[in-house]
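Data first, discussion second: the structure below is written as structure tokens.
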Amino acid sequence: MEHIRLPKVDNVRLLDRISPRRSRVGTLYLTATHTIFVENEAGVRNETWVLHSLVCSLEKQAATASGSSLLIHCKNFQVLNFVIPRERECHDVHLSLQRLSQPERPDELYCFSYKPNIDAEERRPEWDFLDLRADYRRMGLPNSLWKLSSVNQHYKVSDTYPADLFVPESATPPVIVGSSKFRSRGRFPTLSYYSKENHAAICRSSQPLSGFSARCLEDEQMLEAILRSNPHSDFMYVVDTRPKLNAIANRAAGKGYENEDNYSNIKFQFIGIENIHVMRNSQQKMMEVCELRSPSMSDFLEGLESSGWLKHIKAVLDAGIFIAKAVAEEGVSVLVHCSDGWDRTTQVCSVACVLLDPHYRTLRGLMVLIEKDWISFGHKFSHRCNHLQGDPKEVSPVIDQFLECVWQLMEQFPCAFEFNARFLITIHSHIYSCQYGNFIGNNQRERTELGLREKTHSLWSYLWMNRADYINPLYRPDHSQTQGLLRPSTAPYCFKFWRALYNRFDRGMHPRQSVEDYLSAIQEETQQLKEQLASHKQKIAQLEQEQEWSVPQKAVPFDKSPTGWTFCNDMANTPQDYTGGFFTSSPCQPRAPITLQTEESNKTSKSILSNGSDQESGIADVSCRSPLSEDSTRDPDSDEAAYSAS
Amino acid sequence: MEFSEYIKTANVEDVVLRQPLHPPGRGTLCITGHHLLFSDREEGSCQQVLLLLRNIDAIEKSVENLLTCSGLFSNAGLSQSGVCRLSGSSGTITIKCKDLRVLQLDIPGMEECLNIARSIETLSCLDSMSELYPFFYRPSNASLRDQWGLSSLERHYSQMKELHDRWRLSTVNRDFSVCPSYPQAVIVPKSTDDDMLEKVAKFRQGGRFPVLCYYHKKNGMVIMRSSQPLTGANRKRCREDEQLLQAVIDGSDKGYIIDTRSSQQALQARMTGGGLESKSCYSSWKRLQRQMERGKALQESLIKLVEACEDESNNMDRWLSKLENSKWLSHVQTALSTAGLLAECVERDGHSVLVHGSEGTDSTLLISTLAQLIMDPSCRTLEGFLTLLEREWVQAGHPFQQRCAHSAHSHARLQQESPVFLLLLDCVWQLWRQFPLALGFSEALLLRLATEAYASDYGTFLGNNQQERCALGVKENTHCLFQALLRPRERDCYSNPLYEHTELAIWPSVHPQSLQLWRGFFLRWTPQTHHLEEAQEEIRNMVIEWGKLALSSCPAST
């Protein structure tokens, strides 16, 4: 490819971030899609693969005697520090990566070159796997209160909204169009979630263009129609998710918020969630803390506090709880908006859905929810995730915060979710990886124009095919935690730092044994045993019928070692850095071959685990599964492993 | 019983009890010499709360007289007059327990309320140890003739055959005269005789001369522990002490001394008669100073943390800043990393280590215990862990009576209180989080121990050392907690269903990201822990179901 100035550099060192004394020497390759580091060590072929689209920033540091250092930060929070012997080479690698990681045109995105030789016909089932209309049908729509409107066909009313929208039965096209003219980007109030138990609904929109005094009759009628769609209720909430000050400031620009006097029977409420710029800076600050080399406990906690990150997560969850309670407990409909109605509104509506509806706490349900509230309603993934070279001020971890809210809920209700944290982390990776077409573009219109359904693959069907990896063994559909509205606590002490995401690649920090994997193994075996038992019983019954007691029952010998047990034996570990460099002077102890069970490595076979893989990066599994080959010939598994494990 | 003089009002009707995780209940309150008993008399429910008075850390009382006409007497100080016994008077007692539970009693009648408060105040901190409840506790399922304790040093020594070549059991302390805080038997190098030990004891604070606490079978290296040497300002030496330590590293090139104080603290200790092992006198020993917080600072850290957990401001910044400011997690981090260093010296570097701080009864025991858990699989079973605690804390003379006299709520002036044992349990919990399959016991056991150390039906944690326990006749007159925890029903609850033996060392990660607040203990009485308990229950059930099926599918016909 024309952007690769240097395809291969030898004698590159990959520094270990936590203990820089440990470093690995190898060869660095640049390919069209990946940076690959191959360790030179006799016997083992350890590889680290980094997808170019995951590269977030590159820093070239001043050259030293040992070489020039290149620091790569990735969007999945991996940090790699290479030391390249010659300054010239480092410069070339730096320039190449800079270009490769920032595509200028959409067709340069990885998803268009990932498994391209499959025709559109074959791709269709992947994309048809999720059907939003089916989800609306599940909610009981359309019905006598809500109808499917065709007003936004061809994206004529709002170019950032989906074509299919649900509106109150009584809302006529002129009212809708009138209302849309009074809302930022034409994003008029429309349905996001409907509770068929009590008819209460969550609606979403952008801010009204009310300025200091403007009114819009159609907009008022639109809200009136939403209110009337909930026959048991005599008022509705209008929730502005911005801090009041921000909303007031918007009035000066001819935007703003609803005046309670102009709209009949609304209760107006501000919920101060900060804007995308605050969130971006907050995450950046938190990541600086996560990357501190050996922080003291105080450094870490102080840094975490001053980043404000958990405070923001709490604000989003608090807002979601407010809406969920209004719908489930009061039976009152809610209209949610922020400024444009694609960031905070999306977060809050989807968090409320997770709290309200057990379906969204299942594997398929969460995918549908993201498809509905995030993708179809026009969360600007391309801008927020910086898929293409663009304005850095548009970047913001809005979706990260949603995934984290779900994770925080999972920590409080360990039995309530069908999926595990690995599922969330995998989704997170793929939102940024550009490997699948789902998160490309900023809205449905752009996605249609890009022909993503015809030219790329869908993440959802990939996740569904591999769902065994993402099941929470503690989930039971009939468990009390699973039922109805979740009532989480948002006391500050309930919020935890999400180590598994933000320090995902610092293997040494994670628990060395996984209860979840152990339980999954047990669960699988329990299932097998039950089936065995059932078939035995059946046989006995048969035999009894045939009165053939002389034939002895041959029980299948049971090997009392499910897969979950075995990784324990492979489990090993090395001391952490307790000494502060004390032992460096003594002759280095031969470190035992380290294998750690981790989310990626335990998916691989036992034989891979037991060969000497590296504990800190856990990349041995990659080398066995993703040979250096043409993109087109790779199977999906190897690619998944390539960047999520490297 | 002489307790009756402390109990002016033994029974009150119509009391409302508010306690975490339960709806308020109305019923009868009863005070006895050792307990507070509340029984709900509402229809359909028969809730009973039996609280050991010893568990009460602090109480707050407020009384009010609802009749405005008697405002004259609303001052609590006048309650003696008897005039206050008006139908409308009432009082509220807030009870803060050492297990961090907070209860509230609404008591009709100001005088009753004050009487009860006074009884609680007196009976919850009786000075005389022989009056404590363990001497009265007589459960129906156990006899005082049952075995007391799990093991003894004698038994430990006789089981460890590999020790016998180089180590001997000494009974120089059989009458506790050489070291009042040591047990009667200790393990020392074979080449040191009892006369030497007596001399060494005079050179170590409190007579705590270096004794063996752990023998690493893989390489024959050991962990020794002691108190600080009494070198004093004029750098006194003790040949016998030097010889004893030389005997420890016999055949090896060197040993390490892990001193749990900073260099400065250790040097300063000389001014008050203490000190450290100088390089010139102990040339084969390399000293490592690792400062660990102890004593009052640790107690204050606990108080601050509990205060942070009870803050209801719902403000994230405030919570994180209070959590940081309490420094509790920093202490956890330091303890685990010092223990990691100790284990690394023994297991990886292959050298013997002597551990001490100043008295050798607190942080010394903390890190030697943790290091053993890291290295030695036999300590990680339920029995193994309890035996370890018995040997390293009870018999080794951690002053439980002093350290656990009060917990985080007490307004009493701090004396010798320090939550070192609680810190140990927290560190063990962190290990359990990082290696959920490697420890044979459950979080429930750690919680139970945390409660029992402060207030108990059992005699195990009574007194400060074996000498005191002998004098009190603890063995003869109380029941043993460790034995009770191993009875079949308790064993089910306190064992880890996921336990899988591993020979490997379990090296904890000590990154701040890897350490967490022990919610199970510090936020035990919040509703959120309920969901986590349900999850533990679910895990237990899954394992049981699997076990049953596995068993039933084993060929029964063969």
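Each position is counted from 1, following the chain as shown.
The backbone N, Cα and C atoms fix where each Cβ goes, and this holds for glycine too.
Any TrEMBL annotation is an automated prediction that lacks curation.
Now, the feature entries from TrEMBL:
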| type | residues | note |
| --- | --- | --- |
| DOMAIN | A:126-502 | domain 'Myotubularin phosphatase' |
| BINDING | A:N275, A:I276, A:C338, A:S339, A:D340, A:G341, A:W342, A:D343, A:R344 | substrate binding site |
| ACT_SITE | A:C338 | active site, phosphocysteine intermediate |
| COILED | A:512-546 | coiled coil |
| COMPBIAS | A:596-616 | compositional bias 'Polar residues' |
| REGION | A:596-646 | region 'Disordered' |
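A:N275 (substrate binding site) carries neither a helix nor a strand DSSP state and counts as coil. Across the residues annotated as binding substrate (A:N275, A:I276, A:C338, A:S339, A:D340, A:G341, A:W342, A:D343, A:R344), the widest Cα-Cα separation comes to 12 Å. Within 10 Å of the C-beta of A:R344 (substrate binding site) there are 28 other C-beta atoms, taking all protein chains into account. Classification of A:R344 (substrate binding site) by DSSP places it within a helix.
In sequence order, A:T160, A:S184, A:R185, A:R187, A:S206, A:Q207 are the residues near A:D340 (substrate binding site), counting only same-chain partners six or more apart with C-beta under 8 A. The binding-site residues considered are A:N275, A:C338, A:W342; of these, A:N275 has the fewest other C-beta atoms within 10 angstroms of its C-beta. Surrounding the centroid of the Cβ atoms of A:N275, A:I276, A:C338, A:S339, A:D340, A:G341, A:W342, A:D343, A:R344, where the record places substrate, the chain contributes additional residues within 8 Å, namely A:T241, A:R242, A:T345, A:T346. According to its DSSP assignment, A:C338 (substrate binding site) is coil.
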